[in-house]
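Engineer: Dumping the structure here so I can ask a few things about it.
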Amino acid sequence: MRTLWIVAVCLIGVEGSLLEFGMMILGETGKNPLTSYSFYGCYCGVGGKGTPKDATDRCCFVHDCCYGNLPDCSPKTDRYKYHRENGAIVCGKGTSCENRICECDRAAAICFRKNLKTYNYIYRNYPDFLCKKESEKC
């Protein structure tokens, strides 16, 4: 519970669905979303280019692609509701955009959990200049 409170305090200044996404990540992985995923590999965090470094980074690549398929939505600022049923993330009722954004975030949080065993600390705070190649196609 203490960790949840600390993450919530850290995310107070975060806009829109990034808050919900962070809470999903915490719930699925037990990891602090800011320190564990914000600057991981070539795709976790702002932007992205090159080849994903591992399965966790590929989760972020797929998440970026998912957001890219929502041209009429604002994934980083539109808020949505979700809850958990028997431990599973369930996106709540909302607009079409809110539901699709929630589903993108849900899939990424689950992907992070499924790849916890291969999470590699050498990719935390990974330098952007090492991600030189053109981005893969979604």
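Every residue gets a Cβ built from N, Cα and C, even glycine.
Remember, it's a predicted structure, so these values are computed and weren't measured experimentally.
Quick paste of what Swiss-Prot says about this protein:
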type     : residues           : note
ACT_SITE : H63                : active site
ACT_SITE : D105               : active site
BINDING  : Y43, G45, G47, D64 : Ca(2+) binding site
DISULFID : C42-C131           : disulfide bond
DISULFID : C44-C60            : disulfide bond
DISULFID : C59-C111           : disulfide bond
DISULFID : C65-C138           : disulfide bond
DISULFID : C66-C104           : disulfide bond
DISULFID : C73-C97            : disulfide bond
DISULFID : C91-C102           : disulfide bond
SIGNAL   : 1-16               : signal peptide
SITE     : L18                : site 'Putative membrane binding site'
SITE     : L19                : site 'Putative membrane binding site'
SITE     : L34                : site 'Putative membrane binding site'
SITE     : T35                : site 'Putative membrane binding site'
SITE     : F39                : site 'Putative membrane binding site'
SITE     : V46                : site 'Putative membrane binding site'
SITE     : T77                : site 'Putative membrane binding site'
SITE     : R79                : site 'Putative membrane binding site'
SITE     : Y82                : site 'Putative membrane binding site'
SITE     : R124               : site 'Putative membrane binding site'
SITE     : N125               : site 'Putative membrane binding site'
SITE     : F129               : site 'Putative membrane binding site'
Engineer: Which ones in the same chain are close to C138 (disulfide bond), with CB under 8 Å and 6+ residues apart in sequence?
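Structural biologist: Listed in sequence order: D64, C65, G68, N69.
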Engineer: Excluding Y43, G45, G47, D64, which residues of the same chain place their Cβ within 8 Å of the centroid of the Cβ atoms of the recorded Ca(2+) site?
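Structural biologist: Surrounding the site, in chain order, are C42, C44, V46, G48, C60, F61.
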Engineer: Which of the three DSSP-derived classes (helix, strand, coil) applies to F39 (site 'Putative membrane binding site')?
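Structural biologist: Coil, per DSSP.
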Engineer: If you compare CA-to-CA distances from C111 (disulfide bond) to each of the recorded positions Y43, G45, G47, H63, which comes out shortest?
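Structural biologist: For C111 (disulfide bond), the spatially nearest of the recorded positions is H63.
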Engineer: If you measure D105 (active site) to H63 (active site) at Cα, how many Å is it?
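Structural biologist: So the alpha carbons of D105 (active site) and H63 (active site) sit roughly 7 Å from each other.
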Engineer: I need the CA-to-CA distance for C91 (disulfide bond) versus Y43 (Ca(2+) binding site), whole Å please.
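Structural biologist: Rounded to the nearest whole number, the Cα-Cα distance is 24 Å.
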Engineer: Where F39 (site 'Putative membrane binding site') and H63 (active site) are concerned, what is their Cα separation in Å, rounded?
Structural biologist: 14
